[in-house]
Amino acid sequence: MKRVAVLSVHTSPLEQPGTGDAGGMNVYVVQTATAMARRGVEVEIFTRATSSELPPVAELAPGVKVRHVVAGPFSGLEKEELPGQLCAFTAGVLRAEARHEPGHYDVVHSHYWLSGQVGWLARERWGVPLVHTAHTLAKVKNLALADSDAPEPRMRVIGEEQVVAEADRLIANTDVEADQLTGLYAADPAKVLVVPPGVDLGRFTPGDRGEARRSLGLAPDALVLAFVGRIQPLKAPDVLVRATAALLERDPGLRSRLVVLVVGGPSGSGMRTPDELVGLARSLGVADVVRFLPPQGGGSLAQVYRAADAVAVPSHNESFGLVALEAQACGTPVVAAAVGGLPVAVRDGVTGLLVAGHRTSDWADALSRIALAPGLREALAGNAVGHARGFSWDRTTESLLAAYGQARDVFREEVYA
């Protein structure tokens, strides 16, 4: 394997996770691409240009290039409008490849269904296998919608079905996602490979909690709960805010110590502040304990995790949940919704607690169990570090490279059959 073309239409690996549409997928693309480059595999990532000031090609790391493809206006486009720009994006990708000798890429790896549509055509034009990672699935999301969330359109469902049918290999984060691909999308089980994501074990490590709190301006004896992620209905930060109100109603004395950190930005074009969540905190009378922080880079984010007594991941659906893994790698227990891949990322009663559903009282119970029981918290924290160390991006990358090799072999057999 010499060269890999990676497609990430709707979000650039250069963007800060936690802003707009940037999240765990960005981390996944960056970490696996750089790990491949360390193994001598050249990686070229194609993403949509969102500014006229972006260079046509940028170096993410030695051996990893990011190619900005002009497809539609640089700003003002919602993700839901991007299907209308797939023709322009695909043309840009094909033009870039045409500058090389035939057979330049060994495989194309698409991320999310929009990229899968582009990868489908690239597969046919370039004569190389297509490996696809969905990251989220419309049918799964529609089965677990938040009250304020809009269902995914039929257009996306059809697009995903097409990509699932055409890809040579489908990468699932967990066995649960693999079952969803075969059960909901009729994927050929032989094409589905389970490859768990990793965590940056050099960046997310246990550290001095007191120092972490000082860096964030928090009192040493504060009771700190944290949410990290994009502020959108799917991620359900409102669940933590409501649980905070329930905790204070049960024990008003906690107000002097309790700090709830909400770290992330609103998801969507043109949004600057999490207005609805701020309004909810005010209406529930907890605005004085809820602090909103912008998305944090790796080192600063690790300090947030270390400072917290517990990290809440109340999502309505997660294909895996990288935030849960990062927090545990820092020695912080996680309270997570028992959905999607989170039961794999968090071992219930061992590294954190899983909550069935999103009822406020259940979340308040789980958070108080950890935060108000130092013995339990320390036991979970110790186990969490060991659990997280079982996941690494190097291991993920080795599995992906093996999947690429399998896809190439199968593709060649089909071509020469």
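Using the three backbone atoms N, Cα and C, a Cβ is placed for every residue, glycine included.
What you are looking at is a predicted structure, and each value in this text was computed from that prediction instead of being measured.
What Swiss-Prot records for His10, Asp21, Ala22, Gly23, Gly24, Met25, Asn26, Lys79, Tyr112, Thr136, Arg156 is 1D-myo-inositol 3-phosphate binding site. According to Swiss-Prot, the feature UDP-N-acetyl-alpha-D-glucosamine binding site maps to Gln16, Pro17, Gly24, Arg230, Lys235, Gln296, Glu318, Glu326. According to Swiss-Prot, the Mg(2+) binding site annotation covers Tyr305, Arg306, Ala308, Thr332, on the basis of sequence analysis.
The structure, with features from Swiss-Prot marked on it.
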residue : record                                        : Cβ within 10 Å
His10   : 1D-myo-inositol 3-phosphate binding site      : 23
Gln16   : UDP-N-acetyl-alpha-D-glucosamine binding site : 13
Gly24   : 1D-myo-inositol 3-phosphate binding site      : 23
Arg156  : 1D-myo-inositol 3-phosphate binding site      : 21
Gln296  : UDP-N-acetyl-alpha-D-glucosamine binding site : 20
Arg306  : Mg(2+) binding site                           : 24
Ala308  : Mg(2+) binding site                           : 31
Glu318  : UDP-N-acetyl-alpha-D-glucosamine binding site : 26
Glu326  : UDP-N-acetyl-alpha-D-glucosamine binding site : 27
Thr332  : Mg(2+) binding site                           : 31
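Within 10 Å of its Cβ, the residue among the binding-site residues Tyr112, Tyr305 with the fewest other Cβ atoms is Tyr112. Taken residue by residue with DSSP, Arg230 (UDP-N-acetyl-alpha-D-glucosamine binding site) is part of neither helix nor strand, so it is coil. Distance between Cα atoms for Arg306 (Mg(2+) binding site) and Glu326 (UDP-N-acetyl-alpha-D-glucosamine binding site): 10 Å, as a whole number. When the binding-site residues Gly24, Arg156, Gln296 are ranked by how far their Cα is from the Cα of Tyr305 (Mg(2+) binding site), Gln296 comes first.
Cα of Thr332 (Mg(2+) binding site) to Cα of Arg156 (1D-myo-inositol 3-phosphate binding site): a span of 36 Å. Across the structure, Arg156 (1D-myo-inositol 3-phosphate binding site) and Glu326 (UDP-N-acetyl-alpha-D-glucosamine binding site) place their CA atoms 30 angstrom apart. The distance from the Cα of Gly24 (1D-myo-inositol 3-phosphate binding site) to the Cα of Glu318 (UDP-N-acetyl-alpha-D-glucosamine binding site) comes to 10 Å. Taking the mean position of the Cβ atoms of Tyr305, Arg306, Ala308, Thr332 as the Mg(2+) site, the remaining residues of that chain whose Cβ falls within 8 Å of it are Arg209, Ala212, Ala226, Ala302, Gln303, Val304, Ala307, Val311, Ala327, Cys330, Gly331. Across the structure, Tyr112 (1D-myo-inositol 3-phosphate binding site) and Gln296 (UDP-N-acetyl-alpha-D-glucosamine binding site) are spaced 24 Å apart at their Cα atoms.
When the binding-site residues His10, Asn26, Ala308 are ranked by how far their Cα is from the Cα of Arg230 (UDP-N-acetyl-alpha-D-glucosamine binding site), Asn26 comes first. The Cβ of Lys235 (UDP-N-acetyl-alpha-D-glucosamine binding site) has Phe227, Gly229, Gly264, Pro314, Ser315, His316 as same-chain neighbours under 8 Å, each 6 or more residues away in sequence.
For Arg230 (UDP-N-acetyl-alpha-D-glucosamine binding site), other Cβ atoms within 10 Å of its Cβ number 22.
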